[in-house]
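Annotated in TrEMBL:
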type	residues	note
ACT_SITE	A:Lys78	active site, charge relay system
ACT_SITE	A:Ser159	active site, charge relay system
ACT_SITE	A:Ser183	active site, acyl-ester intermediate
DOMAIN	A:25-471	domain 'Amidase'
Amino acid sequence: MTNPADLTLAQLRDALKAKDVSSLEATDAYLTRIEKAKALNAYVTVTADKARDMAKASDAKLAKGEGGPIEGVPLGIKDLFCTEDVLTTAGSHILDGFKPRYESTVTSQLWRDGGVMLGKLNMDEFAMGSSNETSFYGNVVNPWRREDGGNTDLTPGGSSGGSSASVAARLCAAATATDTGGSIRQPASLTNTVGVKPTYGRVSRWGVVAFASSLDQAGPIAQDVRDAAIMLKSMAGHDPKDSTSVDRPVPDYEAVLGQSLKGLKIGVPKEYRVDGMPDEIEKLWAQGIEWMKDAGCEIVDISLPMTKYALPVYYIVAPAEASSNLARYDGVKYGLRAKEYTDITSMYEETRAEGFGDEVKRRILIGTYVLSAGYYDAYYLRAQKVRKRIFDEFTDAFSKVDLILTPSAPSAAFGLGEKTNDPVQMYLNDVFTVTANLAGLPGASVPAGYDRQGLPLGLQLLAKPFDEETMFKGLFALEQAAGANKRPNEWWA
Amino acid sequence: MGAEPTKLLQGTTGDWEVVVGLEVHAQVSSKSKLFSGASAEYGAGPNENVSLVDAAMPGMLPVINKYCVEQAIRTGLGLNAKINTWSRFDRKNYFYPDLPQGYQISQYKDPIVGEGEVEVEVEPGETITVGIERLHLEQDAGKSIHDLAPKESYVDLNRSGVALMEIVSKPHMRTAEEGAAYFTKLRSIVRYLGTCDGNMEEGSMRADVNVSVCRAGSYEKFKETGDFSHLGTRTETKNVNSIRYVKQVIDYEARRQIEVLEGGGEIDQETRLFDVKSGTTRTMRSKEDAHDYRYFPDPDLLPLEFDQAWVDEIKAGLPELPDAKKHRFINEYGLSAYDASVLAADKASAAYFEEVAKCGDGKLASNWVTGELFGALNKADKDIETSPVSAAQLGELISLIKDGTISGKIAKDVFALMFEGEETGSPADIVEKRGLKQVTDTGAIEKIVDEIIAANPEQAEKVKEKPKTMGWFVGQVMKASQGKANPQAVNEILKKKLGVE
């Protein structure tokens, strides 16, 4: 029989229910793969014993014909989610040895529904990065390589690089991820996986280490659209412990897959044609428009002129919130405390100097600056006003269209180290994704094709707030039309 | 209103005016904290009342406590203030070990309560109105303990996250007495409302005292224009936790600032600390060291919104407040403004008084409560809740005076017997048992009068020339009757027998 770790989440789920395979078998298959894939550096922590225990418990339920919607399915968890008694690092040195005494709402819902935890996935430090190169635990390597005969290690995208790489390399059936400016969709685009960032408020932030509270939203990275739909159903839902969580029922996203798109209006914003974008991406986008037409959609040219301000606004709002959110890492209560210090101020300084990496420090500095007396109005307040206009612009656009189609990222996977010396170049990776975070909209990336060098490229769909169902319908249609379901060669194994 | 000139302070170079504003922190009487479910009770062991949110564990989020919001609205209504149905929480960012999040959640730009005003009785006959600038909700910090070990500091997070109401006055107080009276009044209001227990020893209520001085006449210009440049630079003395200390701080700061200015110096806008032992203040943080708090709206919380109907509902359930009670006491019982305010200031005293006043004579009841009772309680270091004489007893005692059963003098004796615990139960029974009933039988009194006049013929002659000396006879008759003779009857009979007009 096939390796259970080669199945999609949906296939594995069905095989488990049919007792064609046990959860323990699937779990062991994944653990074996993880063991062989150290070169990818996708996991920070592998919880093999816990995984086997959970798998056995699932098998017991499955044997009785019981169990939740994803009973026995092995999952990878981005190391930004707090997991009880399991090291939680957020990719940072400053959380050294931190084992929470609580479980995030998202992961507890996954366990409630039968998920099995394989371990914690690598990520950019505090989710700040677009290449997974800011992690204290080292770069994650993209399972995909250029078809040029070279062995250049490429980025799996970021910040959810461990999630995208592990799903692409089948080191878990699916993974949790988070998206503050594109951290689910850009890595998905770079690894031929599906990444879904739901509407702000759809998924609880409780127990997820905060980066920028008004932008952070958790979602899945999965092998295909169906798997993403299954994952999101388990992850989503109202949580009274998160004041920004919205109380509305969670639809069955899987049920809408395959439904007709006839008559849907698809917006195509001209402002998403940016300078220096490879023509392959341009072509893929045009192809995507054709696929949507073929599916019976009407294409509507729209204009989102505020788009050009989205990145500058993001790089004020996100660092501002981060500078405050990260103040709690001070060496007093948990995690790292510098060994040498003379007084409380020097303890703060030494601990934070040692514990945070350069990118995190850069953003704390930017955030502290833009909130400072005398600069608040010029930066933070103005950014919030522009943010409101971006939201209004989308609201207006969505009065005319049902979905918006754009590329997911401005380039395919790039080489590790290629952009690390130029933060602004790195920030440009989020140019297509960041608007959805600023406006709180759902957005998702789906594999749509490959560039000349055989690297995956994704297309993005944006939808109205809480209209993930229409988005999933569109994603499924694109996935079917594109048929971009290649897998990377297992060069690492 | 008091006359302006009395509010001037004399310096060596001329007259000065003092301007005072208070920021009072009142802890909300709530079982749990402002944004977490942890207990807010006082007196638990170190770090026993700490939730994951209070300790700022990664990924923890605040959720507003509706009860605390309701208490803030109640208090706002008690301050006759505007309730903002849309308000917002901000983060005030600074590092300190007892501030686990690295920021305090407070309300900076959009507080839940806006402008209001309170009447403040400063002394008999002098009432001022103090404007309220705002009231906002915020979290308290934990406590750093530095004296448990030579090189280490300890942190107790029990208070971390406890709900505080910060009540900010306008700079409408002009003397130490006014500042103290305002603080007293606030305490009275929150205790009436039950929104804060007002317990200063436990830190439930404390004041940051802002003081500045300016040249005579400048305050009037400020009042006319609202332009703060007419006022002097202010200092803020933090965490003053008694009414007496508030007074001391204002007196000390005013004198110190005048001295500095007259010596050619300048006042620094700074934060100061009050030293209880010396009664002086000293610099805690100069302006240069002032934090840049980098306030911004807390993205973990939605704006705080509620409808007016909820406010109206809360308003309908408010108890009668000290000012309303005071005015009712004046109108209903004919009390003086001062007596009415003294009785109304404390809920228990007011309730006691009203029970006593059921005897039918409010004024007499007020005199007895504020005079005899308060005096005795003070002397015995007791409060009204534990008074040995109940309101019903005192009311009955006053009724006995009014219907002529006993005289005021005898009533005081009976009161003392009850207060000392030598007698309990109904005053009428005590009077009966001890034979203290007033003698109103004119025959009996006449008999005594006749005897005394017969025994003192010279004195009797004198009264005819100097009627005022009749008092001596009154005293003698009262003495002979062991105080039981009705004084009015004694007077009339004496007048008749001694021939006084």
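Just so you know, glycine gets a Cβ as well, placed from its N, Cα and C.
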**Message:** I'd like to know which of the active-site residues A:Ser159, A:Ser183 has the most other Cβ atoms within 10 Å of its Cβ.
**Reply:** A:Ser183
**Fill in**
Within 10 A of the CB of A:Lys78 (active site, charge relay system), the number of other CB atoms across every chain shown is 31
**Prompt:** C-alpha of A:Ser159 (active site, charge relay system) to C-alpha of the residue listed as 'active site, acyl-ester intermediate': distance in Å?
**Reply:** 5
**Request:** Would you mind reading off the Cα separation of A:Lys78 (active site, charge relay system) from A:Ser183 (active site, acyl-ester intermediate), to the nearest angstrom?
**Result:** 11
**Item:** Local confidence of the domain 'Amidase' (A:25-471) - pLDDT mean
**Value:** 97
